[in-house]
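Residues or ranges marked as domain 'PA' in TrEMBL: 60-125. Residues or ranges marked as transmembrane segment by TrEMBL: 151-170, 198-222, 228-250, 271-288, 294-311, 323-343, 384-404, 416-439, 445-462.
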Amino acid sequence: VAADEGILHASGSGVPPVTKDYCIIYNSNWVTLPKTLDNATFWALENLTSTVLCSPSEVPSGVMKDKAVVVMRGNCTFLEKARIAQSLGAKMLLIASKSRLSAIADNKTDFEDVTLPIALVRYNDIVDMQLVLGNEVNVTLYSPPLPEFDYSMVVIFLIAVFTVALGGYWSGVAELENLKAVASPGERETRRKKEENVTFTPVTVILFVVICCVMLVLLYFFYKWLVYVIISVFCLASAMSLYNCLAALIGEIPIGQCRVTCCNKTVEVRLIFLAVFCIAAAVVWAVFRNEDRWAWILQDILGVAFCLNFIKTLKMPNFKSCVILLGLLLLYDVFFVFITPFITKNGASIMVEVAAGPFGNSEKLPVVIRVPRLEHSASTLCDLPFSLLGFGDIIVPGLLVAYCRRFDVQTRSSSVYYISCTIAYAVGMVLTFIVLALMKMGQPALLYLVPCTLITSSLVAWRRKEMKKFWKGSNYQVGWMP
């Protein structure tokens with residue numbers, strides 16, 4: 001069964017003519033459509049949606065001669081309709097469907113004489129065509145190749161680099177404040193306890209990776225139940241993260257600081273409104289998460305806030321822990337993308353299946369940055385394809401960038417580690433997109449991001465003769481003075 005997407009280009013009779021494109025589904029084994037509009041032939045459209053064309057007697061004689069004809073789906077097959085239309089002189093057959101467009105599948109063996117171009121089109125698009133272009137419409141079919149590069153990748157790139165850079169910088173600001181606070185002996189123990197709650201040790205790194213593996217396998221087998229657990233967790237975590245991010249900004253504004261007291265606690269009124277706003281944003285996304293036309297914007301905002309808060313809050317104690325975390329997650333990514341197709345029954349990657357929703361599940365995991373593809377193509381007309389980047393491809397390298405920023409603060413090294421690692425992350429993203437365009441298949445981004453960031457950080461530390469300090473991390477921080 002072949003299900004190829006193409007474009008129905010319609011032109012009105014006005015001066016200058018108004019044109020509009022619509023989605024079609026055709027079978028490339030039956031007909032070869034031109035790749036560009038310049039090579040396409042236009043035909044006048046005859047709207048016969050009052051009939052299903054299962055018999056020649058359904059239409060008046062001569063009404064189809066040298067025209068493109070649109071009829072409704074019916075009990076007869078596509079090729080039976082096409083043979084009738086061709087015998088009556090039609091040059092193109094469009095079959096309007098009130099249901100979702102599906103693959104065009106018939107046995108062509110008994111219809112070798114049928115050469116008429118056949119395409120499936122939405123009935124609502126035919127109605128729209130009449131309203132927008134009028135009753136005198138010329139149409140043609142063509143199927144442009146998918147673009148090698150889409151500008152949605154640029155948007156993904158900017159979002160990812162911005163999030164990693166800002167998360168690392170925010171972590172450095174928090175580190176500077178903590179190091180200033182530790183100069184006060186009374187606050188040292190409080191700070192130490194706080195740090196223990198947000199620091200990854202090598203043991204917890206390994207445990208974290210094991211949990212990721214188990215969770216991914218569980219999602220693969222029990223997706224239709226666990227997906228709602230992930231959605232609920234995302235709503236809660238993203239609302240809290242958005243609050244933390246915006247609260248940090250609002251804290252810098254010296255106005256509107258009126259407070260109220262409740263249960264022996266004092267809180268700023270503006271923070272109460274902020275909490276309501278963040279909860280409302282998460283709830284709105286949860287309710288309208290399948291509205292592809294705009295819900296992706298809200299998901300990306302919540303996702304960026306989640307990644308920023310994660311990068312700022314979770315601290316790597318040293319470069320050793322960074323190497324263990326990034327190395328293990330690199331192996332995790334490669335295994336579940338490239339190795340699992342040899343294990344699964346359908347030969348599909350577990351990672352890709354879970355990201356896309358296995359077994360045709362309509363609910364998608366909200367753990368990706370989504371940007372709709374921006375280049376004009378048949379795919380953007382037929383549905384709304386998205387370019388995706390997983391949160392892990394931002395958070396995992398982002399933790400290394402954040403460690404580099406904190407190390408800069410601790411050693412007063414003029415942000416050399418932070419800037420170098422951020423640039424390395426950007427280079428790794430570009431390399432990912434290049435391989436994606438060449439291979440034409442989804443790539444585990446960590447395969448390119450991890451080597452770029454780890455090697456760059458190591459080279460900077462080696463060149464500055466600080467590898468021992470960089471590797472051990474926080475063991476020498478107590479001697480810092482403002």
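A Cβ is built for glycine as well, from the same backbone N, Cα and C atoms used for every other residue.
Same-chain residues lying 6 or more positions outside the transmembrane segment (271-288) and placing a CB less than 8 Å from one of its CB atoms are 231, 235-236, 238-240, 242-243, 246-247, 250, 260, 294-295, 298-299, 301-302, 366. Contact between the transmembrane segment (198-222) and the transmembrane segment (323-343) holds: at least three of their C-beta pairs are under 8 Å, each pair 6 or more apart in sequence. Most Cβ pairs within less than 8 Å of the transmembrane segment (294-311), among stretches 151-170, 228-250, 323-343, 384-404, 445-462, belong to 228-250. When each of 151-170, 228-250, 323-343, 445-462 is checked for Cβ pairs under 8 Å to the transmembrane segment (384-404), 151-170 comes out on top.
When Cβ-Cβ distances under 8 Å to the transmembrane segment (323-343) are tallied for each of 151-170, 228-250, 445-462, the top count falls to 445-462.
Note on the transmembrane segment (228-250): residues 170, 219, 270-271, 274-275, 277-279, 281-283, 285-286, 289, 301-303, 305-306, 308-310, 363, 365-367 of its chain, located 6 or more positions outside it, place their CB under 8 angstroms from a CB of the stretch. The domain 'PA' (60-125): residue composition by secondary structure is 17 helix, 17 strand, 32 coil, according to DSSP. Averaged across the domain 'PA' (60-125), pLDDT in this predicted model comes to 88.
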